[in-house]
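Chemist: Grabbed the feature section from Swiss-Prot, which reads as follows:
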type: BINDING; residues: 80, 81, 82, 83, 102; note: substrate binding site
type: BINDING; residues: 103; note: divalent metal cation binding site
């Protein structure tokens, strides 16, 4: 997928004004080999438990983007090297984590895009909690299942419809 988020914003100013194209706040760090990624959003709401993250990444990604609302927790990582490799193997385009990741050397070898608030060496709990396909409130925008995510070095866009 070839795009630049800055160009998408310029080309779709009317959608920015209307609210059908939104920009996440610039609070995320980037990992993984993909300099840009985009696709249809699959949403998860979890808190310090990555059981549902693993279960979702075990599915075929079909170039979709997994968006994980981890409540912004900075106390443990929701995605590490094993899950990054799993996402790559199963064809996910990218992972957005409103929380932490770990194993950054391994994540940076994965051929997908990963963005997260920060890194943390401690793994999450495995309690089996969380919700899938729900609307998420992330910094700067709501993200609904089936919306479109576009991310590059300039930022992350959320669109109600595909832009490229």
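The first residue you see is number 1, and the count goes up from there.
Glycine is treated like the rest: Cβ placed from N, Cα and C.
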Chemist: What is the interatomic distance between the Cα atoms of residue 82 (substrate binding site) and residue 103 (divalent metal cation binding site), given in whole Å?
Modeler: 9
Chemist: Other residues with Cβ within 8 Å of the Cβ centroid of 80, 81, 82, 83, 102 at the substrate site?
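Modeler: Those within range, site residues removed, are 77, 79, 84, 85, 101, 103, 106, 107.
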Chemist: Taking only the Cα atoms, work out how far residue 81 (substrate binding site) lies from residue 103 (divalent metal cation binding site), in Å, as a whole number.
Modeler: 5
Chemist: Fewest other Cβ atoms within 10 Å: which of the binding-site residues 80, 81 wins that one? Let me know.
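Modeler: Looking at the binding-site residues 80, 81, the Cβ with the fewest others within 10 Å is that of 81.
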Chemist: Tell me the Cα distance separating the residue listed as 'divalent metal cation binding site' from residue 80 (substrate binding site), rounded to the nearest angstrom.
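Modeler: A Cα-Cα distance of 5 Å.
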Chemist: Work out how many Å separate residue 103 (divalent metal cation binding site) and residue 83 (substrate binding site) at their Cα atoms, rounded off.
Modeler: 10
Chemist: On a count of neighbouring CB atoms within 10 A, which of the binding-site residues 82, 83, 102, 103 is highest?
Modeler: 83
